[in-house]
Every structure is written in C-alpha cells, then in structure tokens.
Amino acid sequence: MDYQDYHEPVLARESVSLLVTLPGIYIDGTLGGGGHSLQLLRHLQTLNGDSLLVGIDQDTHALEAAGKKLGEFGDRRRLVRGNFGMVKELVEPMMRGAGNGLPVMGFLLDLGVSSFQIDTPERGFSYLKDGPLDMRMDPDGPLTAADIVNGYEEAALAKLFFRYGEEPLGGRIARAIVSARSSAPLTTTGELAEVIRAACPRKDLAIKTLSRIYQALRIEVNDELGVLEQALEDGFELLSSGGRFAVISYHSLEDRIVKRFFAAKTSADWGPKGLALREPLKPAEAVLVVRKPLEATAEEISRNPRSRSARLRVIQKL
C-alpha cells in the first residue's frame, strides 16, 4: 500500500489557505492518503508557534499510506484510527497530551470516497469493477452492502434508494433485487449491477441509476449522514474562538446537512416575530468565511475530474 495510490486532494489550496490562521491543533477528519494533511503541515510550518496535526481515518490502509507520506513531520502529526464522528473522544485526550494544551484552531472534512477505495474491487464500492458487495469504509464494520441487498425487505430497500440515492426508480429497482435474490443471494457488485441495468426502462439512464443506488447503499453501510451530523456538532464544540471549520461535500444530501448546520451557527435567534427584542435570544456562534461555497476551477477539474461536484464551505467560530 502506497500513498501514491490515493487521489490528488480536492480543493487543497483553497481549503488549507482558508482553514489555517493561527498556530494550534488542526484536525484532518478524513485523512485518506494524507494529501490535505501534507498541505496543512507545510502551511503550519510557516506560522510562528507550536502546532499539531491530527489525522483521523477508519481505514487501516489509509493510515499506513498517510504515515509514509507524512513521515518527515515526525511528532508534529498524530494519526489515529476511527471515523470522524468520534472526533471528540479521539482529540480531547490529545489536547491534554501531545497537544500540550494547544487550542483546536481548525477542522477539515473531505467527504468524498477515496479513488483508492473505488478502484479496489475487493472493497466493493464500484459497479465498474466486479468484487464482493462490501462498501465498508471501516473493513471491520458490522454491516455490508450484501447484508442490505439480501436482507432488507422490498419496502425498506425502496425507501433507502429514495432517501439516500434520490432515485426515482427506487421502487422498481427494489422489486428487481428482491426477485433476483429469491433464486440466489446477490454477492458481487457485478451481479447487482446486472439486476439494476435490467430493471432500467431506458438503458441510457442506467449509469445514473447505478451511481445513485450504489451511493445509497454506501451511505447506509457507513451511516455517513449520521456520522456527519455528529462530527459537525462535536467538531464545532472542540474549536476554540477564532477556529475554522471547512467541509468539502460532493452530493446534495451531505451538502444540505452542512449548509443547514453552518446557517444555524451563523444566525442569531431573535425569537418569534413581533417581540422586537433589543438583543437576540441566542447570538450567532460563527461567521461565514466565504459567503458562497467554492468550487473547483476548470483547470482542477480537467486535471482531477472527481473535483467536478465538490463544494467547499467554511465558517469561523466567534
């Protein structure tokens, strides 16, 4: 396993330049191969004062690759296994230990699935390469895509595809899966892809349907949206005053969650209309660093196509 197997980090220059302001603890909650962390550490070297980079990933392969990539930085980085929804319990001990009382000044989340995971058939993330129906970001996780495809009832599958895939053919696909598995369990990504393609009334739309169904399964397997909501709450709580929170999202479901959370933190609560209060019931807790989400440039998209749908939002805690 080598860090070169991992994708070029998306919006790296923009996210790092907007995130890093003052020395302190910086958290890369989606370490992957260490691309963003490398840029963060290089930027932190230009600041006067002690800093510590904490990298979090639930994939042991990613931790191994990032460890090689960031080896030159020694004890200025700490890499820990876990998902970013556990950020509070993972980072708080470091604030008292290796962090030596440093404040948390930045938290970065890149919510995309790594190209290494997608391109590794054994991980079961892609319909383009046949492999076991797995999709676990944590290889030791309890739930696989095969468990869902072969175990959920038709109504539950349809609901899942509508909710997490926003797939209009969700009910039709669910029926096709239940029919197919009645003969034998679906165990590979290729078998599932064949069932989905056959169920699509228009073959020119099959790729979009495949993408949405696989997205829905991946989100369910890894509880991605629940983990994100937990990480937003706990990550913001960890930040010191002046600390910044940057999130790169790739699809509307996760971006809506981030947008709603950031809007709540940057808005004051003035209570019901008509109260005419002199001061808000609850003041804003943060300010927007960028008013509109940043997107990749045409140059970056041509160089790194997976950046096409990326959106970067950043707030600063008051």
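Using N, Cα and C of the backbone, Cβ positions are placed for all residues, glycine too.
Of the residues D50, D57, D140, Swiss-Prot puts just one in the S-adenosyl-L-methionine site with G34, G35, H36, F84, D110, Q117: D57.
DSSP classifies Q117 (S-adenosyl-L-methionine binding site) as helix under the three-state reduction. Proximity of Q117 (S-adenosyl-L-methionine binding site) to non-local residues of its own chain (separation of 6 or more, Cβ distance below 8 Å) is seen for D59, R123, F125, M137, given in sequence order. Under the DSSP three-state reduction, H36 (S-adenosyl-L-methionine binding site) is assigned to helix.
A strand conformation is recorded for D57 (S-adenosyl-L-methionine binding site) in the three-state DSSP classification. Comparing Cβ neighbour counts within 10 Å across the binding-site residues G34, G35, the minimum falls on G35.
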